[in-house]
Amino acid sequence: NYSQVTEFILLGLSDRQELQVLLFILFLLAYAMVLLGNLLILVTVMTDPKLSSPMYFLLCNLSFIDICCTSVTSPRMLVDLLFQRKAIAFEACIAQLFFLHLVGASEMFLLTAMAYDRYAAVCRPLHYTAIMSRRVCWALVLTCWAGGFLHSVAQTLLVTQLPFCGPNAIGNYFCDVPLVIRLACADLHVTERLLAFNSGLVSLLCFLGLVASYALILAAVRTRVAQGSRKALATCSAHLLVVTIVFAPCIFTYLCPFCAGRSRRHLCMMYTVFSPVVNPFIYTLRNNEVKASMWRL
């Protein structure tokens, strides 16, 4: 009831017009790669009966989330790169914030579920079909989306309950929770702690769970043949690289939301642009079975 701000000004990535044109071309290509790569994975997995294992079911959901995640921020960013004034309505900003955290948190929980799936496949192979049944897979995916929804609702309530009566410039190319909250005309000490607990701590715990699962996988295969150990090490290393790209910026941004630094726009690019581009290559396109199915398709 005390809010007077009706729109926010997104400062974007750069004020230089010639650089904005270059960024528009680069991000348009990146967005096209995300859409085409993940749509190809979705169609391949859904049309090939050989790709019906739990791993491919989870990978299919990861591709869908990647499409949703990059579609929340990239189209708006591409449009803003073509215009000098980058204004976004208050309601549109809240909607973008809600959907970004919905798909972002769901992706974190899904990556954790995928690590559990790999742990069950490598460390409990004889019980794998019972542990990762179709019902369990659906339960994991629905739980991931439910967790993302609850997380997003909590984040949105943190923002909408604050009064905005003065500055409205956001030092980023999308509505990021810490930067939006920082513009509020209120005491933010309690809000900062709630934000760190709801986003930063959740990101940290998911990341530690992923690292622990991959450590158990490597420990389980170290006594096997050298070729299998090298393959497991290469796979886990690639997965941990992508996981770090997703989680490290989130942990840094939300565990200490009001730390020094006016803007973290370049850090946010890691999980809003770069990660959705890399995920199809690391998780799926390095798999010979998937590549063979794509050629048949």
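For all residues, glycine too, the Cβ spot is worked out from N, Cα and C.
What TrEMBL says about a protein is an automatic prediction, not a curated fact.
The transmembrane segment annotation in TrEMBL covers 20-43 (among others). Panel annotation: around the transmembrane segment (20-43), residues 12-14, 59-60, 63-64, 66-67, 70, 74-75, 77-78, 81-82, 273-274, 276-277, 279-281, 284-285, 290, 294, 297 of the same chain, lying at least six beyond its termini, place a Cβ under 8 Å from a Cβ of the stretch.
Positions annotated as domain 'G-protein coupled receptors family 1 profile' by TrEMBL: 37-283. Across the domain 'G-protein coupled receptors family 1 profile' (37-283), mean pLDDT in this model comes to 83.
The transmembrane segment annotation in TrEMBL covers 55-74 (among others). Under 8 Å from some Cβ of the transmembrane segment (55-74) lie the Cβ atoms of residues 27, 30-31, 34-35, 37-39, 41-42, 45-46, 96, 99-100, 103-104, 106-107, 110-111, 113-114, 117-118, 121, 134, 137, 140-141, 144, 173-174, 272-273, 275-276, 279-280, 283-284, 290, all in the same chain and six or more residues away from its ends.
The annotation transmembrane segment is assigned in TrEMBL to 94-116 (among others). Within the same chain, residues 55, 58-59, 61-62, 65-66, 68-69, 72-73, 76, 88, 140-141, 143-145, 147-149, 151-153, 155-156, 159-160, 174-177, 180, 199, 202-203, 206, 209-210, 213-214, 239, 243, 246-247, 250, 271-272, 283 sit at least 6 positions outside the transmembrane segment (94-116) and bring their C-beta atoms closer than 8 Å to a C-beta of that stretch.
Among the features that TrEMBL reports, transmembrane segment is placed at 136-154 (among others).
If you look at the transmembrane segment (201-221), the same-chain residues 6 or more away from its ends with a CB under 8 A from one of its CBs are 105, 108-109, 111-112, 115-116, 118-119, 122-123, 151, 228-229, 232-233, 236, 239-240, 243, 247-248, 250-251, 254-255. The feature transmembrane segment is assigned by TrEMBL to 201-221 (among others).
Positions annotated as transmembrane segment by TrEMBL: 233-255 (among others).
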